[in-house]
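What follows is a single structure, written as structure tokens, with notes after it.
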Amino acid sequence: MDPGFQEDGCTIVKRYGLPFVSPNNILVSIINGTGAGLEAFYVLTFLIFAPKREKAKISGILFVVLSIFSTVALVSMLALHANKRKIFCGFAAAIFSIIMYGSPLSIMRLVIKTKSVEYMPFFLSLFVFLCGTSWFVYGLLGKDPFIAVPNGVGGLLGTAQLILYAIYRDNKGKGKKGEEDKTSEMELGKPQENKDQLPNTLNGDAKA
């Protein structure tokens with residue numbers, strides 16, 4: 001899950017919850033503001049300790065993320081008012097929430113390919129499910145489609161991750177082990193080939 005997009009998703013959802021954008025949604029703003037602060041800390045820690053190549057990559061993503069948020073904020077503040085502002089910020093929040101929830105799809109693909117949950121921690125999948133489901137219920141109770149729809153998608157993706165974990169939980173580590181075994185077999189095969197070739201070379205020299 002890319003921390004840059006997570007931060008942008010939380011920040012835009014936080015903006016959607018502000019009183020002058022979406023009345024009676026201050027809880028959304030407080031929780032997602034806290035999430036944005038934590039993600040900012042994660043990104044800063046990564047940028048301090050990451051290798052130069054990864055640092056440049058994340059810095060580029062972070063620049064794009066901040067540019068998108070700035071554009072959404074400026075357009076909503078200067079060009080839109082009242083209900084139009086709420087709809088614009090709501091759509092932006094929904095789109096980035098779905099992107100944030102959809103980011104583990106590459107890991108799910110890896111789990112299916114390797115038949116191992118080595119790279120998909122159980123508690124991460126569990127809390128994606130719990131987070132998506134609880135916010136989905138909150139959106140339904142508040143009759144707010146901009147909260148209910150993206151978090152409903154998140155709940156479904158969390159469910160899919162838990163199902164994959166249940167299917168492949170006994171294979172944890174086997175994907176990595178299989179790759180190591182394959183590498184070992186290749187390394188063991190090389191000396192054998194050399195040994196097979198050695199008598200032929202000696203025989204050829206003897207005949208000569």
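Using N, Cα and C of the backbone, Cβ positions are placed for all residues, glycine too.
Per TrEMBL, these features apply:
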{"type": "COMPBIAS", "residues": "173-196", "note": "compositional bias 'Basic and acidic residues'"}
{"type": "COMPBIAS", "residues": "197-208", "note": "compositional bias 'Polar residues'"}
{"type": "REGION", "residues": "173-208", "note": "region 'Disordered'"}
{"type": "TRANSMEM", "residues": "26-49", "note": "transmembrane segment"}
{"type": "TRANSMEM", "residues": "61-81", "note": "transmembrane segment"}
{"type": "TRANSMEM", "residues": "87-107", "note": "transmembrane segment"}
{"type": "TRANSMEM", "residues": "119-141", "note": "transmembrane segment"}
{"type": "TRANSMEM", "residues": "147-168", "note": "transmembrane segment"}
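Counting Cβ pairs closer than 8 Å to the transmembrane segment (87-107), the top stretch among 26-49, 119-141, 147-168 is 147-168.
Long-range Cβ contacts of the transmembrane segment (147-168) within its own chain (Cβ-Cβ under 8 Å, at least 6 residues beyond either end) map to 28, 93-95, 97-98, 100-102, 104-105, 108, 111-112, 115-117, 120, 122, 125-136, 138-140.
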